[in-house]
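Q: Structure incoming, see below.
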Amino acid sequence: MLLETDASRNKPSSYIPLCGSDNSCGGLWCPRKGGKYSCISMTCDIQEDCPKLVRCKDSPGPYCMEGFCTC
């Protein structure tokens, strides 16, 4: 029996967005193409979901709070 994993789709951490927080943003403040930033929301079920989706700049985290990743 062959077990298939997602290992082939794993990307280095440099491909995971480096986000932060902003007082006017209720989600994550993340860079977009062209150097602009935008407020985005990433859902999560468990704490281990968030580090696969986002990295946090200048703050601990990311962590899952009330179903959303936050820094």
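For all residues, glycine too, the Cβ spot is worked out from N, Cα and C.
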Q: Cys64 forms a disulfide with which residue in Swiss-Prot, given the options Cys30, Cys39, Cys44?
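A: Answer per Swiss-Prot: Cys44.
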Q: Among Cys30, Cys39, Cys71, which cysteine does Swiss-Prot link to Cys56 through a disulfide?
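A: Record-based pairing for Cys56: Cys71.
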Q: Identify which of Cys39, Cys69 is listed by Swiss-Prot as the disulfide partner of Cys50.
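A: That record, Swiss-Prot, gives the partner as Cys69.
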Q: For the C-alpha pair, I'd like the distance in angstrom between Cys64 (disulfide bond) and Cys50 (disulfide bond), rounded off.
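A: Given the Cα positions, Cys64 (disulfide bond) is 6 Å from Cys50 (disulfide bond).
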Q: Within 10 Å of Cys44 (disulfide bond) (Cα-Cα), which of the disulfide-bonded residues Cys50, Cys56, Cys69, Cys71?
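A: Those near Cys44 (disulfide bond) - Cα within 10 Å - are Cys50, Cys69, in sequence order.
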Q: I need the least crowded one of these disulfide-bonded residues (Cys56, Cys69), counting other C-beta atoms within 10 angstroms of each C-beta.
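A: Least crowded of the disulfide-bonded residues Cys56, Cys69, by Cβ count within 10 Å, is Cys56.
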Q: Could you tell me which three-state DSSP class Cys44 (disulfide bond) falls into?
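A: For Cys44 (disulfide bond) - judged by DSSP and reduced to three states - the answer is coil.
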Q: About how far apart, in whole Å, are the alpha carbons (Cα) of Cys71 (disulfide bond) and Cys50 (disulfide bond)?
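A: Spelling it out, the Cα of Cys71 (disulfide bond) and the Cα of Cys50 (disulfide bond) are 10 Å apart.
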